[in-house]
Amino acid sequence: VCFIPDGLDCSISFVSHVLGKVCVHGRQKEILGVLVPHLTDLTKSDCIWQRICWRLVECVPDRWMEAVVLGFVQRAPGADVLSRLLGNLVVKNRKAQFVVTQKMLLLQYGHTTAVLQNLLGYLSLDSLRRTLLLRVLQELLETWSSSSAVKHSPAEQQLYISKAILICLSHLKEPEIESCRQELLTSMMEGVKCHLDSSLTQLRRLGMVVAESISSKINTEGPVLKFEYEEDDETRELKSLLVQTPPFCVVPSLPDDDRSEKAGAALPLVPESSEKPHTAAPAMPDEELDAELDSDDDLTPYDMSEDKELKIKTPVYIRDCIEVLTGSRAEDVDKWEATVKALESLVRKNPAATREVSVELAKILLHLEEKTCIEGFVELRQRAQVAILTTDPIPVAKYLTSQFYSLNYSLRQRMDILDVLVLAAQELSCPKFHGKTKHSGAQKPCIQLLPGSDSSKDWRRIVDERIKSKTRRFDMGRSHVELASCPNEFNSVAGHFFFPLIQHFDRPLTTFDLLGEDHLVLGRLVHTLAILMYLAVNTVAVTAMGKALLEFVWALRFHTDSYVRQGLLSCISSLLLSVPTDRILADMTEELLETQSWLGDVMEKDPDGDCRRLALQNLLLMENLKKKLEAVPS
């Protein structure tokens, strides 16, 4: 540190220029890693050094201001330190104000939570900067409540904006909340609506958490919003941001003696009487005493130790199950529960009897509602539906696919139909395992293909499984399960599962519009078609299914919902993996060239990270296809 003798005036603009030049050339870490700790110590109690530090950053030219401000915000150990180092720079310098209030919050989303806390805490620590804090909160809420932003921005940016909103709310004071209560309420209602409309579970949960936090701030005394969702580390972190931690919570380590003294001093004073385990009984009014004397607590209970629970007779015939499930008598509740639990095994044991009433039974189960609280009711019903569909595939598949586009069904029922079709197709397409294996740890190599929100992981696993199955490995140490050769039962019925689902997607109904507001069901439908396409490998209809699926994908390729786009890209993966190479080259060459161009655009421009990864995966599959073509002798 240099000292200026005799009170001479000096200018530090040259130092500011050097600092800006070094930072803009990518050496922020090296110079600020040394400079910020020194300035932090010097400005703790010396107002002259504070003014020097303020002047240092104020004299940085605008073209280098962003790099300097960003470096200070990232390396300051706390908001109070950042306030000492920068002063009211954001009020005096327009460039710094743009970087702090716009670029770092709305245009970027890669900064850590600690950087956000530094930044917004800095804005809250001075009365001149608090107006900027309120303006920032308003702009963040406008972005958060914009349906266009929710659809077209990545989930990581939505999480970043949600964190910034919660940190801003933690810094608001009661008069400030009162002044913008109506704006907060309006933004909350609009934002939670567009988040709940999203097909992605993460975005829906983000909307719920932020709406709950805003509601708790604006309704301190009245009822607040409360949603039901599964908490994870992300939601717990978000909720913790609403509680402001004091800047002096970090305590330096102390010697053992001092630490014990401090800890002893911090303990609350406990009265001596509290050490005794017995406490005096409170005085009771006469009315309560009389009521206690009149109670039935002194009556001797009946001895029920030898009582036996009555066993409910489980139905033996399929038609008995139909009679019980369609009955309305209240005394048959126990019998109804036993029927629901036994139905799957009964269907599989009596395939001939099931085929006689398969469609009727499928209709009953599709409309079946839970009469009593049975553990795992949804799973029991689904397994029974799958058993019926695998026992009599063609008529039941025709019924279910026709009901998917019928009137008077809820979205939940339509998605249940898709789940049952997927599980049944998987069961029909998997070979039956026979024989013994010497290695007890060997598992059945089938893939659990339930359509879910995290489709990219499922499809990466699918591709890995297919690559693994086509890779020759010389392994003498492990035994493998012996597969008995048997026909693929899905071969003859694949078209009945697939084509009815793909026919009427563009025909809106009164209560069902796949291309409109029901995009969640559209996403599930697209993922279902992708899975059916994958399971149809080596079937007769696979080429026709591939051509129809490619036309379907091409019609929806610019859909605004990221979950739908992920499903479309998964469809391309299934097509490339399932349709024979010679049929792809003979029947779909032009379509694949157009698809390749579209995949290149998705990989470069799509805001969703999973979509970009799936597009890259498909391009690699196409490249392998091209290499295979070049390797074939002409």
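The backbone N, Cα and C atoms fix where each Cβ goes, glycine too.
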Where TrEMBL places region 'Disordered' among the ranges 267-286, 287-306, 587-606: 267-286
Task: Take the domain 'Telomere length regulation protein conserved' (315-425) and average the pLDDT across it for me.
output: 88
Task: With DSSP as the yardstick, break the domain 'Telomere length regulation protein conserved' (315-425) down into helix, strand and coil residue counts.
output: 87 helix, 0 strand, 24 coil
Statement: Residues in the domain 'TELO2 ARM repeat' (129-225) per DSSP class, helix first, strand next, coil last, are 79 helix, 0 strand, 18 coil
